[in-house]
Amino acid sequence: MSLPLTEEQRKKIEENRQKALARRAEKLWAEQPQSTASGSSAARPSQCKQNSLLNLPAEPSKPEGHATISKGQNLNNSLPAAQRPHSSPCFQPSTAEEAKGLWKSEGKMSAACPNPSPPEVSNQQLLGSKSSEGHPQATQDTAASCPRPFPRDPKLEAKAGRPSTSGQSISDTFYALGEKTPKTDGRPAKALQTSPQKASCLRGMCLRTGDRFRVKIGYNKELIEVFKSLPSRRYDSFTKTWDFSMSDYRALMKAVERLSTVSLQPLEEVDGTGGQTSLPSAPSLTFVTGRCMLISRARFEVDIGYSEVVIALFKQMESRNYDPKTRKWNFLLEEHNKLIARSRELKQVQLDPLPKTLTLAFASQLEKTSLQSKADVPEADLSGVDAKLVSNLMPFQREGVSFAISKRGRLLLADDMGLGKTIQAICIAAFYRKEWPLLVVVPSSVRFTWEQAFLRWLPSLSPEDINVVVTGKGRLTAGLVNIVSFDLLSKLEKQLKTPFKVVIIDESHFLKNIKTARCRAAVPILKVAKRVILLSGTPAMSRPAELYTQIIAVKPTFFPQFHAFGLRYCDAKRLPWGWDYSGSSNLGELKLLLEEAVMLRRLKSDVLSQLPAKQRKMVVVNPGRISTRAKAALDAAAKEMTKDKTKQQQKEALLVFFNRTAEAKIPCVIEYILDLLESGREKFLVFAHHKVLLDAIAKELERKNVQHIRIDGSTPSADREDLCQQFQLSKGHTVAVLSITAANMGLTFSSADLVVFAELFWNPGVLIQAEDRVHRIGQTNSVGIHYLVAKGTADDYLWPLIQEKIKVLGEAGLSETNFSEMTEATDYLYKDPKQKTIYSLFQQSFEDDGNDMEFLEAAESFELGSTSGTSGNSSQELGDITDENALADSPPKKRRFEFFDNWDSFTSPF
């Protein structure tokens with residue numbers, strides 16, 4: 001809907017229209033070829049007759065104001081001799097009395113003058129003009145018989161910047177035949193001729209943009225040379241136009257005049273001297289829209305299209321700053337409300353303010369001119385907490401506790417892995433000990449680790465005060481501290497009627513999908529809890545959308561509707577089947593919002609300079625160790641993935657390919673491990689995912705009499721800490737054979753300095769957590785991390801997928817890890833079209849999977865032998881390395897593929 005025009009705008013438009021008509025009339029006259037002086041004189045009488053009709057005043061006695069004349073009669077010939085003009089070249093009655101006498105003397109005139117169209121010129125007149133060509137008398141007679149032209153308007157001419165002349169007017173030219181008779185003053189007139197129009201002329205125009213002007217024209221080699229000769233030249237490769245400073249305007253126009261093949265229309269608001277005229281420019285009616293975005297804790301940026309009105313508004317702000325790199329303006333937060341209020345007064349500008357969530361989070365910056373530093377958080381009084389715990393806190397850990405207390409015990413503690421989130425969470429919970437009982441929800445593999453941590457750091461607690469729920473029949477409120485796993489929490493919903501005021505959620509990224517059972521069970525608890533402490537080393541495992549549940553758990557009033565969050569931070573797109581929230585946008589603003597109101601995150605590089613950096617290396621294992629039969633199985637599995645199948649069948653084919661990769665890499669992995677032992681490596685970790693690979697590694701270490709431990713999904717939680725201590729205190733060659741998914745959290749192996757990944761995993765967060773089993777507090781050596789990659793396997797597609805996901809985390813400030821920058825030999829990508837197709841399937845399967853744990857369960861329970869029927873031949877392919885029944889050790893389970901991506905219909909439970 002267009003905006004209504006104001007009275008001033010209508011007046012300006014009407015003035016500009018009149019000026020345009022005048023310029024158009026002058027242009028039409030200029031385009032007509034000039035004839036000789038006598039020819040112009042011959043046509044002049046007819047023109048003068050018409051002009052005399054137009055300039056005669058209406059008869060006073062006629063109410064309609066129309067004049068009447070006889071058809072075909074010459075008005076000058078019918079006038080009395082006394083009234084005919086002689087000395088003056090033109091005639092017009094000057095008074096009402098003279099006009100009345102004139103009309104009375106012409107009483108026989110009967111035809112009315114219908115319109116001011118030009119009269120026709122007879123052939124006799126044209127012949128007469130030719131016969132008198134070049135004679136002064138003919139010109140004088142013509143000039144003497146010409147009546148006075150239209151009365152001129154000196155004010156209009158002054159506005160137009162053109163001098164007033166006594167010759168023919170613009171309207172005179174427009175309504176005549178486009179010819180102009182020069183003033184002779186009794187002397188012979190020279191013939192005026194114009195050069196013929198250029199046959200092939202390149203036409204263009206100049207357009208004003210602020211203090212510069214640009215030229216819109218096609219390509220011309222000579223013109224380009226002229227452009228390059230001007231010092232203020234600037235070429236825009238995107239629009240393919242040249243622009244210059246106004247100081248070069250005159251030089252450009254003079255140079256273009258010398259080019260015979262170029263015609264350039266000048267600027268309308270600039271005269272021949274290069275300066276501006278007094279013509280007022282019409283107001284800009286272009287409607288522009290924009291929005292505000294946060295770029296720091298103190299400043300915000302405006303993303304909006306170009307408009308002179310907007311620029312004028314920006315220049316009214318005292319804190320304005322223009323960034324030439326981004327070509328955007330930014331201001332202090334304290335001027336946000338002022339800018340928005342003034343923008344609403346402009347009808348052609350729509351500027352969206354910062355979301356209400358941001359204005360609430362940064363309320364102090366919006367009201368104050370001074371910015372409060374994050375380091376100004378007051379130190380909390382921890383005198384009521386056990387002295388042993390307080391004395392063991394590092395300075396940055398004590399700052400984390402103070403930050404949490406300043407947020408009233410509601411935060412997402414997202415410190416990097418290995419920085420002691422557990423001890424900080426226990427200290428925060430102990431500060432609110434009067435509000436206990438305490439509920440601690442953790443992954444099942446670290447339940448007993450948390451029990452030992454409470455007994456270690458809080459001597460005031462007795463073992464009877466801690467209740468670890470082991471089965472679904474256990475009591476959730478039996479102790480002062482109650483520890484339960486995510487899976488058991490969903491089975492104890494009936495016992496959740498008694499609210500907990502203090503809740504700790506370890507690895508809170510497990511709650512990334514509201515559709516899962518564990519999330520539905522945890523959300524009601526967090527809703528009624530007074531203190532909520534979320535712990536996560538990787539708060540956004542894959543996509544910013546996965547942060548939403550954690551944000552509303554800490555701040556229920558932030559983004560009550562997920563759609564608003566998705567539009568701003570997930571690059572939400574509407575597709576035929578619904579909204580897609582899998583993207584990411586405004587990650588910098590999201591990071592600032594989280595750090596200000598929800599999240600505290602410190603990286604190892606920020607707080608522990610003595611902690612050695614990780615040194616990653618991608619090792620391409622010898623493909624010759626892969627047997628021919630294994631290669632054939634891989635090729636067959638890859639071929640099955642490229643066929644047109646349903647989504648369920650594609651995921652099953654993907655799992656087959658994933659399992660075949662583990663089987664094919666067994667000889668290569670074992671060879672690499674034996675080489676490490678022979679080279680003098682004493683203690684290191686080996687991570688794998690498939691049971692067939694873990695079994696093969698453990699069997700080979702037993703055959704070589706190498707001391708080792710093994711922790712996988714079948715290892716009881718109570719035994720894992722003992723195995724970890726056994727490895728830490730061991731001497732000599734010791735290898736820890738670990739499952740990527742079962743031993744990637746809650747365990748410390750800081751006595752080792754090398755981690756070997758025999759397999760890759762699609763989720764980079766899981767890989768980073770596994771790395772940090774060694775890269776933890778207490779580590780004094782440089783940590784080496786080796787990723788074993790085999791060409792022609794699933795590694796071809798998993799490695800670039802990991803790099804892409806870790807890049808998104810880095811942009812959001814949620815990971816300091818960059819596989820591309822910190823890993824040696826990263827140029828390992830798919831090459832042929834078939835590989836690209838398979839990579840797309842990997843990417844779609846793992847990104848569309850709303851819950852990695854559901855897909856992980858399907859991968860763990862997938863029985864390769866029941867699908868391929870080749871378990872009996874596997875031992876022959878692998879020689880002495882594998883057991884005959886290695887592929888059939890896992891009990892068959894029901895395959896499950898559950899995906900939860902229906903974010904568009906989700907509304908915050910708060």
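Glycine is treated like the rest: Cβ placed from N, Cα and C.
Note on Swiss-Prot: of 223-240, 601-618, 817-834, the range annotated with the feature motif 'Nuclear localization signal' is 601-618. Looking at 5-30, 187-212, 343-368, the stretch flagged in Swiss-Prot as region 'Mediates interaction with RPA2' turns out to be 5-30. Per Swiss-Prot, the stretch carrying the note region 'Mediates interaction with RPA2' among 2-30, 263-291, 640-668 is 2-30. Assigned with DSSP, the residues of the region 'Mediates interaction with RPA2' (2-30) fall into helix, strand and coil as follows: 24 helix, 0 strand, 5 coil. Within 10 Å of the C-beta of K421 (ATP binding site) we count 23 further C-beta atoms, all protein chains included.
Sequence-distant neighbours of G420 (ATP binding site) (same chain, 6+ apart, CB under 8 A from its CB) are M394, Q397, I777. Assigned with DSSP, the residues of the domain 'HARP 1' (198-268) fall into helix, strand and coil as follows: 20 helix, 25 strand, 26 coil. Sequence-distant neighbours of T422 (ATP binding site): residues of the same chain at least 6 apart with a C-beta under 8 Å from its C-beta are W450, A453, D506, L535. In the predicted model, the domain 'HARP 1' (198-268) shows an average pLDDT of 84. Under DSSP, G420 (ATP binding site) is assigned to coil, being neither helix nor strand in the three-state scheme. Around the Cβ of D416 (ATP binding site), 23 further Cβ atoms fall within 10 Å across all displayed protein chains.
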